[in-house]
Amino acid sequence: MSSASSDSNTGSLTIAGSGIASVRHMTLETLAHVQEADIVFYVVADPVTEAYIKKNARGPCKDLEVLFDKDKVRYDTYVQMAETMLNAVREGQKVLGIFYGHPGVFVSPSRRALSIARKEGYQAKMLPGISSEDYMFADLEFDPAVHGCCAYEATQLLLREVSLDTAMSNIIWQVGGVGVSKIDFENSKVKLLVDRLEKDFGPDHHVVHYIGAVLPQSATVQDVLKISDLRKEEIVAQFNSCSTLYVPPLTHANKFSGNMVKQLFGQDVTEVSSALCPTPKWAAGSHLGDVVEYGPREKAAVDALVEHTVPADYRVLGGSLAFQQFMIDLALRPAIQANYKENPRALVDATKGLTTVEQAALLLRQPGAVFGVMKLRASEVANEQGHPVAPASLDHVAFTAPSPASLDHVAFSAPNPASLDHVAFIAPTPASLDHVAFSAPTPASLDHVSFGTPTSASLDHVAFEAPVPASLDHVAFAAPVPASLDHVAFAAPTPASLDHVAFAAPTPASLDHVAFAVPVPASLDHIAFSVPTPASLDHVAFAVPVPDHVAGIPCM
């Protein structure tokens with residue numbers, strides 16, 4: 001037992017599940033952690049998974065099952081498993097613990113280790129895995145949402161004397177280990193569970209004894225039995241630590257409230273119940289969740305299929321191949337996730353093939369920005385690669401206080417939306433913003449670019465490429481103007497409507513030029529620098545002809 005100062009806690013703990021069906025159930029996320037962990041501890045259900053872990057791990061792998069002993073209470077073993085993982089975390093290692101199935105379902109050491117690690121100041125998290133319940137849903141093909149579903153551990157069910165709801169599905173785990181506290185499972189107390197089931201469902205109700213197949217050579221067990229059959233020794237002998245019982249609802253208990261159906265749907269109870277809650281049918285060897293194949297409602301739905309058209313708001317996959325691969329790698333690789341969290345700018349800059357819009361979306365680090373790039377309406381897809389175009393109706397880009405701290409540029413790639421009329425940053429403008437760039441053609445309706453107080457400290461340029469919008473009438477920087485700003489540039493032709501460029505106190509010390517290309521706008525009436533005028537300003541350049549009404553450069 002140990003604790004450490006959070007200042008020096010470089011270790012971490014990740015708990016993951018390997019699933020039930022050998023390697024087939026291991027998620028890509030878990031595999032990525034296996035490949036990047038410093039050390040892997042595991043308790044798995046088969047040797048193939050063990051071999052796969054060892055093949056893919058970069059560091060040592062240790063089997064926690066060695067801590068089990070026939071004469072040891074399981075709880076003590078679980079405490080020791082947790083402590084073994086924690087000791088490696090305390091040594092500063094990136095630790096991965098893998099448990100078969102889902103690591104949070106009937107896994108005591110995983111929860112204990114996570115709780116203690118967090119209390120000691122270490123990073124700790126759990127990754128999901130495929131549980132035997134998930135496996136059961138697929139093999140038995142019943143939907144837990146149709147009738148509702150309750151799940152119990154067999155011993156806990158008996159200890160708590162819980163009343164089983166006969167109107168819904170019930171799942172009972174570990175029926176082969178009723179009342180067992182050590183590693184050796186024996187099933188002498190199954191009869192107590194049978195007594196309980198007969199009390200609630202009667203002796204003739206059908207249940208399913210289920211064991212999901214593990215190895216490719218294994219066969220799934222899904223034996224349909226009467227509850228009274230569970231008293232037979234030859235049946236009970238087939239139960240083991242992996243045995244689960246599925247208890248379907250009683251048919252007669254599956255009824256809707258006619259009054260509530262009317263209130264919710266305004267329809268007859270018979271019509272609604274057939275659509276939302278079909279009666280379960282039971283027969284040995286058949287699938288357990290039979291459906292209404294082609295009743296009147298189903299036939300009408302099938303007939304309507306040929307007339308279906310793609311909805312206007314349906315979105316297709318978009319984004320460049322580079323953006324798609326970036327997001328796939330980000331989802332799968334823990335190391336990339338950490339780098340993205342620490343320094344998104346560096347990671348984005350190092351990724352080739354991203355458009356400026358995609359770069360901006362990644363730097364915002366918001367789910368909405370990613371969906372905006374990757375899920376597009378047909379009208380937004382510009383080419384076969386799915387590169388998006390800016391919507392024609394966009395009239396402004398606005399960042400409210402506080403603007404995202406990591407934003408370093410706002411970039412519009414060709415074509416920019418024709419209706420864009422302003423780009424506005426409300427206080428505080430992000431400290432990392434270094435440029436606002438419009439590529440050809442800049443929107444014709446753009447009339448101002450404004451930065452609220454304080455303007456970003458790192459901003460070094462505002463650039464408009466040809467043609468600059470004819471409607472632009474001002475570029476305004478509120479106090480304080482960023483110290484790193486070194487130029488404001490307008491490419492030919494400079495907008496005819498521009499009437500001022502204004503810098504509020506203090507003007508940036510690094511500003512070295514304000515440049516206007518031919519022709520200089522006829523409407524320009526002033527360039528204003530507030531006190532103090534920047535010491536580094538080396539020119540204000542006007543190409544021929546200069547507007548007659550521009551008398552000079554006022555210095556305030």
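Cβ atoms here come from the backbone N, Cα and C positions, even for glycine.
According to DSSP, R74 (active site) sits within a helical segment. What Swiss-Prot records for R74 (among others) is active site.
Of all the Cβ atoms in the protein chains shown, 21 others lie within 10 Å of the Cβ of Y78 (active site). Look at Swiss-Prot and you will find Y78 (among others) tagged as active site.
Marked as active site by Swiss-Prot: Y100 (among others). If you draw a 10 Å sphere around the CB of Y100 (active site), it holds 25 other CB atoms from the protein chains shown.
A coil conformation is recorded for Y100 (active site) in the three-state DSSP classification, outside any helix or strand. Residues annotated as S-adenosyl-L-methionine binding site in Swiss-Prot, with similarity to another entry given as evidence: Y100, H102, V105, Q174, G212, S243, T244.
Residues annotated as N-methylaspartate in Swiss-Prot, with experimental evidence given as evidence: D421 (among others).
Here Swiss-Prot flags D434 (among others) as N-methylaspartate, drawing on experimental evidence.
The N-methylaspartate feature in Swiss-Prot is assigned to D447 (among others); the stated evidence is experimental evidence.
Annotation source Swiss-Prot lists N-methylaspartate at D460 (among others), citing experimental evidence.
The N-methylaspartate annotation in Swiss-Prot covers D473 (among others) and is backed by experimental evidence.
Feature annotation from Swiss-Prot assigns N-methylaspartate to D486 (among others).
If you look up Swiss-Prot, you'll see D499 (among others) marked as N-methylaspartate, on the strength of experimental evidence.
According to Swiss-Prot, the N-methylaspartate annotation covers D512 (among others).
The N-methylaspartate annotation in Swiss-Prot covers D525 (among others), and the record cites experimental evidence as its basis.
Annotation comment: Swiss-Prot describes D538 (among others) as N-methylaspartate, evidence class experimental evidence.
The annotation region 'Methyltransferase domain' is assigned in Swiss-Prot to 1-250.
Note on the region 'Clasp domain' (251-377): mean pLDDT across this stretch is 76. The region 'Clasp domain' feature in Swiss-Prot is assigned to 251-377.
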**Request:** Have a look around Q174 (S-adenosyl-L-methionine binding site) and count the other CB atoms within 10 A of its CB, chains all included.
**Result:** 22
**Message:** Quiz question: given the recorded positions R74, H102, which has the greatest number of C-beta atoms lying within 10 angstroms of its own C-beta?
**Reply:** H102
**Request:** Indicate the candidate from V105, G212, S243, T244 with the smallest number of other Cβ atoms within 10 Å of its Cβ, considering only these binding-site residues.
**Result:** V105
**Prompt:** Just the number: how many Å between the Cα atoms of G212 (S-adenosyl-L-methionine binding site) and Y100 (active site)?
**Reply:** 13
**Request:** Whole-number Å only: compute the distance from the Cα of Q174 (S-adenosyl-L-methionine binding site) to the Cα of R74 (active site).
**Result:** 14
**Asked** What three-state class does DSSP give T244 (S-adenosyl-L-methionine binding site)?
**Response** strand
